[in-house]
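What follows is a set of notes on a single structure, which appears directly below.
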């Protein structure tokens, strides 16, 4: 049964599993664990004593599997069982017999799991970062595997100077200074970033630093195996977790990562204590079946899940867009559809900020003693279906200023809606609808205020500079542009899912395209830095919107090594004076959903070592018919310059 109900959450993190020992009676083991409250079990598929070299050749011996495929229904195998590959397997052993046995057994067990239609198998952890033969064998299997996922077991371990190096680690390693992320990285590189290879993290009583933990959220983690030894004991004798572990579990839940409870019971809970447990914390009604020995651990995990806040309405709306790559808009080449307009128009926070900016501009433009005599000319360029027209008129009403509005729109379909809106609202004396491209329109008068919403996820990526430079000719010398400036930002990220989605297209074009994406399963490796800034009106004698920026990122040393799959891009805009709008994480406007981040992928991900800076170059290039970006990394290693001459991705003028 699920851990509980969390409004808006339909992810796999609602389901909790348990790791079991080998048992011939699979049906009984499943019934016991399901009745004990667990949703699935991680079950050894083969007798741990089995070794292929001990089987007499030609004897026709039957593999010692954990029961026939007939002992459970196909749906039970698929829904309730994750296969556990034998932990004795060591494909990089110096013992040739063990190495050969390991390869044979691994292939046999995966073949049996495929026959059972299991959704996933848990592979044993590499013995060290040197795991080339193990990875080679797994990669061979992946080439012909059905839809099954292979979870590589990785201990959540990074020995910091003040932690496991001083003997505070309760899991064993033969190496002195260990960062298990290196094991994973070595393995996945050898397996060519295969999309069906993912991670099951072993969570013990000691944890690495928050920065070190954070990088795992950009990796393909499917499960976290929570050992009973990781639990503390509360005042009433029940298992509980430290604050740091609780925060980690919350993060795992938020990233749709399933918890698997593992180990022997480490807490002796009396019957009297069980009777006093609140009903919202534990369910003891098991109809005469013996209480599961790990039930108290499951109850605590369920408690952590149930205490989480419901998903906010905005996040529920965005669920379907999480880590989904979308091509950016081509605002000058394409006309938006009604549904797209409607989505943007629902963003009340954005238009509230615009209304505040217009109101402040009107007050600065017209003193109170002239409010009844002076009419301000305001032009909305790129008016769409009229939300900025409405916000501007509301600002005029709020401030008691008189306003004449020109609504300029190039989309003839949106112009139809604008005319209807003007008639419906009775704005005929205040609003003039202009069906024209703002760059070509010959305005009948100069504007006091120029208002636009041409910003893209990267600020200038929907050609706001080119459009506003063309439109500023009908702005008075002392006129006001809203927005008055905007700056783009980038940030290096680990984004395994996004990288694999781009890689699946198997071509150059997709690796040289910038995507709009609701970032979720990413690790932000360093604070974002500003890239390009544009100011309006631009009164330069010669306007040049080409830009180049070289940036240097320092990854916190305690993060350990990390993989950079690309760069997340954001913007922050000053609408007018202190009224701003943006999606840069540290200053993002709350409750606003018109923009997701932009993602610039790297064809070949870059591995960053602790203390090694990341040097990045970004260009904004302009041609006669298009604008495009180019990007490259030059340290710690050098990548190709992506999208040279806009060969793969551009925005048409």
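From the backbone N, Cα and C atoms, a Cβ is placed for every residue, glycine too.
Predicted, not measured: the structure shown is a model, and the values here were computed from it.
As recorded in TrEMBL, the features of this protein are as follows:
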DOMAIN    37-307  domain 'PRMT5 TIM barrel'
DOMAIN    313-482  domain 'PRMT5 arginine-N-methyltransferase'
BINDING   341, 350, 351, 409, 437, 438  S-adenosyl-L-methionine binding site
SITE      344  site 'Critical for specifying symmetric addition of methyl groups'
ACT_SITE  453  active site, proton donor/acceptor
ACT_SITE  462  active site, proton donor/acceptor
DOMAIN    485-651  domain 'PRMT5 oligomerisation'
Euclidean distance between Cα atoms of residue 344 (site 'Critical for specifying symmetric addition of methyl groups') and residue 437 (S-adenosyl-L-methionine binding site), Å: 21
Residue among the active-site residues 453, 462 whose Cβ has the most other Cβ atoms within 10 Å: 453
Cβ neighbour count within 10 Å of residue 438 (S-adenosyl-L-methionine binding site): 25
Max pairwise CA distance, angstrom, over record-listed S-adenosyl-L-methionine binders 341, 350, 351, 409, 437, 438: 24
Whole-number Å value for how far residue 462 (active site, proton donor/acceptor) lies from residue 351 (S-adenosyl-L-methionine binding site) (Cα to Cα): 19
Largest tally of Cβ atoms lying within 10 Å of a Cβ, found at which of the binding-site residues 409, 437: 409
From 350, 409, 438, the binding-site residues whose CA lies within 10 Å of that of residue 344 (site 'Critical for specifying symmetric addition of methyl groups'): 350
Other CB atoms within 10 A, centred on residue 350 (S-adenosyl-L-methionine binding site): 24
Alpha-carbon spacing, residue 350 (S-adenosyl-L-methionine binding site) to residue 453 (active site, proton donor/acceptor), which is rounded to whole Å: 10
Proximal residue to residue 462 (active site, proton donor/acceptor) among recorded positions 341, 409, 453 (C-alpha distance): 453
Same-chain residues at least 6 apart in sequence whose Cβ lies under 8 Å from residue 341 (S-adenosyl-L-methionine binding site): 384, 385, 414, 417
Rounded Cα-Cα span from residue 409 (S-adenosyl-L-methionine binding site) to residue 453 (active site, proton donor/acceptor), Å: 12
Entry from the recorded positions list 344, 351 having the most other CB atoms no farther than 10 A: 351
